[in-house]
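**Student:** Below is one structure. I have some questions about it.
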Amino acid sequence: MNLCNSRFSVTFVRQCSTILTSPSAGIIQNRGSLTTKVPHWISSSLSCAHHTFQRTMNLTGQRGSRDSTGATGGNAPAGSGAGAPPPFQHPHCDRAAMYAQPVRKMSTKGGSYDYDLIVIGGGSAGLACAKEAVLNGARVACLDFVKPTPTLGTKWGVGGTCVNVGCIPKKLMHQASLLGEAVHEAAAYGWNVDEKIKPDWHKLVQSVQNHIKSVNWVTRVDLRDKKVEYINGLGSFVDSHTLLAKLKSGERTITAQTFVIAVGGRPRYPDIPGAVEYGITSDDLFSLDREPGKTLVVGAGYIGLECAGFLKGLGYEPTVMVRSIVLRGFDQQMAELVAASMEERGIPFLRKTVPLSVEKQDDGKLLVKYKNVETGEEAEDVYDTVLWAIGRKGLVDDLNLPNAGVTVQKDKIPVDSQEATNVANIYAVGDIIYGKPELTPVAVLAGRLLARRLYGGSTQRMDYKDVATTVFTPLEYACVGLSEEDAVKQFGADEIEVFHGYYKPTEFFIPQKSVRYCYLKAVAERHGDQRVYGLHYIGPVAGEVIQGFAAALKSGLTINTLINTVGIHPTTAEEFTRLAITKRSGLDPTPASCCS
């Protein structure tokens, strides 16, 4: 049992010091004459821990050990002179590795700071980092605050975007729309279904919000149980070790050895008349206290398309306004197939179009004027709801980052491979960092790994490559690895082979659902082992299909391994094992039947 290197080593050595120095302990402090009142492995470990404790309390000047002004110390360990005997070495203790770790001043023993770590942001990244840091012996506070939305004043509890206004409510409403579709398909499968069945928006919103509030509550309890101090306040830096927290009851100044910025982002609003006064964003949609009705969704990223998709499935009339391209950053062949599948379902797309203004009419409806950016032609239409989905902005403005000396790039924070900013004791994780995937699982893992490096002696870094993701449109799109365009750009068109095919889900046949856009492809190297660089899939339960293949891709999946894997029949996932036609061949990738 390697007690000196365990995650609780700091606490352990403190307790051991008390035992070793207590007159009633019955343990002689002379290393060579430990009594037999305790088993040998305990006595030797206690002696080792006592030595570690003395060194930890005395040693300063290493990276991570600073005085209250932030200056590094310069004192050598006691007893480190030329004539000092070598320290006791436990046979199972990697002392060299342990000594190489940063030495922190523990605030619980009169150190210079209120906390070892303050995490700014109570979302996925911040919570994961805070809880993991506590498990590794740090004293942690988590600062969290939500500004009300400008149009409706929407607020929410702890948990960040994903829990409150992102992944969770989005997936629930997507599921509600799929259930509505399934109900209408049920008649083809022999079910007697009332033709007048329709969703109740208010009941759906209430159910979604009840679930969110339960998650908020569980999260608060979890933070309390794990001894993370939760501070509901807006934080701004005074200097690199001091934060001013604005609370409901006033202000509070708090200090920490280390800060992790995990504030995430919020939706952008266009700079046009009426945008803020009358438009809403995804921050408002999932708690909207009225039916959305005829809705203009401005923006064709994944948020805009997902919202338009479930609104259509719930019986409303969405229109998508696209300034340039659909699903920027994704494989564009797949993106256009997704858009085409939505148009087939009756969702209009206004291409190459931007909004000019939003006006509220006497009847409460919204008059939107817009323009085609290619022809200059202007037009207008009336909607019940205007939903802005034009991108997100990092929440850096309220942090007063210049006071701490932290660099900002395009409202995001640039970091190195260890999530460190340009300031030695300040880190950033999650959606706030520049140039990394803005996905909840990425944020969670990055936050945990950062805490383990800071307080657990780990060296593992976050791997941001080949991260799988899913767009929850009516016909879902999931992918992992490189898009076809990026693979060509990185390796050259002559070095890339694309295996592709359309397929026919068995469950689509009886209700006679369209299979026109059920498509998948594997982007691979053309020669050699034909390693797979990217996998792309459009169809039902896309996220469930791609997850396992994501692990295979990260493990070095090749085309030969893929096509020689025996598939599970009949499933849509097995279609990846049947990819045999390349784009270069020019052959028709459309199957004759579900089993061909």
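Note that Cβ sites are derived from N, Cα and C of the backbone, with glycine treated the same way.
Here Swiss-Prot flags 59-87 as region 'Disordered'. Sequence annotations record features per position, and here Swiss-Prot assigns compositional bias 'Low complexity' to 68-79. Under the heading FAD binding site, Swiss-Prot lists 120-126, 143-147, 159-170, 233-235, 262-266, S282, F286, Y302, 392-399, 429-432, 438-443, F472, P570, citing experimental evidence as support. The annotation disulfide bond is assigned in Swiss-Prot to C162-C167, C594-C595 on the grounds of experimental evidence. The NADP(+) binding site annotation in Swiss-Prot covers V322, R323, S324, I325, V326, L327, R328, P355, and the record cites experimental evidence as its basis. Feature annotation from Swiss-Prot assigns active site, proton acceptor to H569; the stated evidence is experimental evidence.
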**Student:** Of C162, S324, L327, H569, which recorded positions come within 10 Å of I168 (FAD binding site), going by C-alpha to C-alpha distance?
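**Tutor:** So the list is C162.
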**Student:** In sequence order, what residues of the same chain, 6+ apart, have a Cβ less than 8 Å from the Cβ of C162 (disulfide bond)?
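**Tutor:** Non-local contacts for C162 (disulfide bond): G123, S124, I168, T440.
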**Student:** Which recorded positions are spatial neighbours of T161 (FAD binding site) here, meaning Cα within 10 Å, out of C167, V322, R323, S324, L327, H569?
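**Tutor:** The recorded positions close to T161 (FAD binding site) (Cα within 10 Å), listed in sequence order, are C167.
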**Student:** Which entry in the list of binding-site residues, T161, S324, T440, has its Cβ near the fewest other Cβ atoms, using 10 Å as the limit?
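**Tutor:** Counting other Cβ atoms within 10 Å of each of the binding-site residues T161, S324, T440, the minimum falls on S324.
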**Student:** Could you tell me which of these binding-site residues, L143, I168, V322, has the greatest number of Cβ atoms within 10 Å of its own Cβ?
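**Tutor:** Its Cβ has the most other Cβ atoms within 10 Å: L143.
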**Student:** CA-CA, which of the recorded positions L143, V263, R392, L399, H569 lies nearest S324 (NADP(+) binding site)?
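**Tutor:** Result for S324 (NADP(+) binding site): the nearest of the recorded positions is R392.
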**Student:** How many angstrom lie between the most widely spaced Cα atoms of the NADP(+) binders V322, R323, S324, I325, V326, L327, R328, P355?
**Tutor:** 19
**Student:** Determine, using Cα-Cα distances only, which of these recorded positions is closest to V326 (NADP(+) binding site): V263, R392, L399, H569.
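**Tutor:** Its closest listed neighbour, by Cα, is R392.
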**Student:** Please name which of the recorded positions listed here, I120, V263, R392, L399, H569, is nearest in space to P355 (NADP(+) binding site), Cα against Cα.
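**Tutor:** Of all the candidates listed, R392 is nearest in space.
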**Student:** Measure the Cβ-based neighbour count of I120 (FAD binding site), defined as the other Cβ atoms within 10 Å of its Cβ.
**Tutor:** 29
**Student:** Hey, how far is V263 (FAD binding site) from C167 (disulfide bond), Cα to Cα, in Å?
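**Tutor:** Their Cα atoms are separated by 17 Å.
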**Student:** Which one, from the recorded positions R323, R392, H569, has the smallest tally of other C-beta atoms lying within 10 Å of its C-beta?
**Tutor:** H569
**Student:** Work through the binding-site residues one by one (L327, R392, L399) and name whichever has its CA nearest to the CA of the residue listed as 'active site, proton acceptor'.
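**Tutor:** Checked the binding-site residues L327, R392, L399; minimum Cα distance to the residue listed as 'active site, proton acceptor' goes to L327.
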**Student:** Mind giving me a neighbour count for P355 (NADP(+) binding site)? Other Cβ atoms within 10 Å of its Cβ, every protein chain shown.
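**Tutor:** Within a 10 Å radius of the Cβ of P355 (NADP(+) binding site) lie 23 other Cβ atoms.
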**Student:** Give the number of CB atoms, excluding that of L327 (NADP(+) binding site) itself, located within 10 Å of its CB.
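**Tutor:** I get 20 for this one.
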